[in-house]
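S.K.: Got a structure for you, written out below as structure tokens; questions coming shortly.
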Amino acid sequence: MSFERPQDPSSALEQATQDVSNLKSESRFLLEEIRASDLEFYESKKRFLNKDTQIHKFIKQHGSLVDNPKEAEFQERIKEDLERCHQLQVDKCTVANSLLYMVTKHLKKVQANIEALEEDGLLAPLEDDAVELANELSRESSVLSSGTSLERRKRTVAAGTLSAGSSLRKRVKKERGRSTQRDGMLSEPPSDEASSHGANFADDLQDFNDELFSLNQQEEDDKQLYCFCQSVSYGEMVACDGPNCKYEWFHYGCVNLDEPPKGQWYCPECRQEMANLKLKKKKRV
């Protein structure tokens, strides 16, 4: 594609504004795809964690020697959800890479126009910070365009996005005060449609955050420590019937059990506490 040199800065600005006129809607569409994938990902993750929790609860209640009639079905569903989560992550990388490529393409064109105007003496050279930013964006676009395979792009997009994004945010704050007039020319008042979309997005985001909090809470519960050894739940475990037991569940090996106890069972500490109470009652009598 041939490069048409701009005649003056105003024509370059007008061309750049025209080129990015659809960028907002295109970016929103891609970001909504990523968000939809995130929601589906956390739903799948919640499902397989729930199935895994049910399997472990059955083992706690009946021991590992008793067959769980639903374990095979649960394991198959867990496998399906894990595979779906993996595919969703791959799809998100592809969409994010498309968005990065789309933005970088416009930035490269703006940079080329600026360099052409500087060469023709129609534009003063950029300040040091702006030059560094332009060079950094150029390096990112080179990395993106040099990759010929999707896997290679996926490996570079994460680091590139973080690097360019963090530098851009820092420097835009510095330049914002200098470009008030230019921003006023390009900005548009928000439309009713945009406001409605923002309100719907805020509601959906709140629902998503609530689901994420619930999922994190469930994960924290799975990390609870039990037994004298203060470890997470694993293998065969037995529950103490002591009403005030501070450990609640015990691993068989830690309390010298080989099979589920018959009737009520108390841990050594609770048995000692019960014995002390009986001794105190006898002394009072």
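Using the three backbone atoms N, Cα and C, a Cβ is placed for every residue, glycine included.
Pulled from Swiss-Prot, these are the listed features:
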type	residues	note
REGION	1-24	region 'Disordered'
COMPBIAS	8-24	compositional bias 'Polar residues'
COILED	10-36	coiled coil
REGION	155-201	region 'Disordered'
ZN_FING	224-273	zinc finger
SITE	Y226	site 'Histone H3K4me3 binding'
BINDING	C227, C229, H251, C254	Zn(2+) 1 binding site
SITE	M237	site 'Histone H3K4me3 binding'
BINDING	C240, C245, C267, C270	Zn(2+) 2 binding site
SITE	D241	site 'Histone H3K4me3 binding'
SITE	W249	site 'Histone H3K4me3 binding'
S.K.: Within a 10 Å radius of its Cβ, which of these binding-site residues (C229, C240, C267, C270) has the fewest neighbouring Cβ atoms?
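M.R.: So among C229, C240, C267, C270, the binding-site residues given, the one with the fewest Cβ atoms within 10 Å is C229.
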S.K.: Sort the binding-site residues C227, C229, H251, C254, C267 by C-alpha distance from D241 (site 'Histone H3K4me3 binding') and give me just the closest.
M.R.: C267
S.K.: Out of C227, M237, C245, which of the recorded positions has the smallest number of neighbouring Cβ atoms within 10 Å?
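M.R.: Checked C227, M237, C245; of these recorded positions, fewest Cβ neighbours within 10 Å: C245.
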S.K.: Of the recorded positions M237, C245, C267, C270, which one has its Cα closest to the Cα of H251 (Zn(2+) 1 binding site)?
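M.R.: If we rank M237, C245, C267, C270 by Cα distance to H251 (Zn(2+) 1 binding site), first place goes to M237.
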S.K.: Taking only C-alpha atoms and a 10 A limit, tell me which of Y226, C240, C245, C270 are near C254 (Zn(2+) 1 binding site). These are the recorded positions.
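M.R.: None, since no candidate lies within 10 Å.
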S.K.: By a 10 A CB contact count over all chains shown, which of the recorded sites listed here is most packed: Y226, W249?
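M.R.: By the 10 Å Cβ neighbour count, Y226 comes out on top.
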S.K.: DSSP-wise, what's the residue breakdown of the zinc finger (224-273) into helix, strand and coil?
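M.R.: Result for the zinc finger (224-273), in helix, strand, coil order: 10 helix, 8 strand, 32 coil.
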S.K.: Validating a neighbour-count step here. Other CB atoms within 10 A of the CB of D241 (site 'Histone H3K4me3 binding'): how many?
M.R.: 13
S.K.: Return only the integer: C-alpha distance in Å from C227 (Zn(2+) 1 binding site) to W249 (site 'Histone H3K4me3 binding').
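M.R.: A Cα-Cα distance of 6 Å.
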S.K.: For C245 (Zn(2+) 2 binding site) and Y226 (site 'Histone H3K4me3 binding'), what Cα-Cα distance in Å is obtained after rounding to a whole number?
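M.R.: Approximately 11 Å lies between the Cα of C245 (Zn(2+) 2 binding site) and that of Y226 (site 'Histone H3K4me3 binding').
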S.K.: Work out how many Å separate M237 (site 'Histone H3K4me3 binding') and C270 (Zn(2+) 2 binding site) at their Cα atoms, rounded off.
M.R.: 17
S.K.: Nearest of the recorded positions to C267 (Zn(2+) 2 binding site) by CA-CA distance, picking from Y226, C229, W249?
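M.R.: Looking at Cα distances from C267 (Zn(2+) 2 binding site), the smallest one goes to W249.
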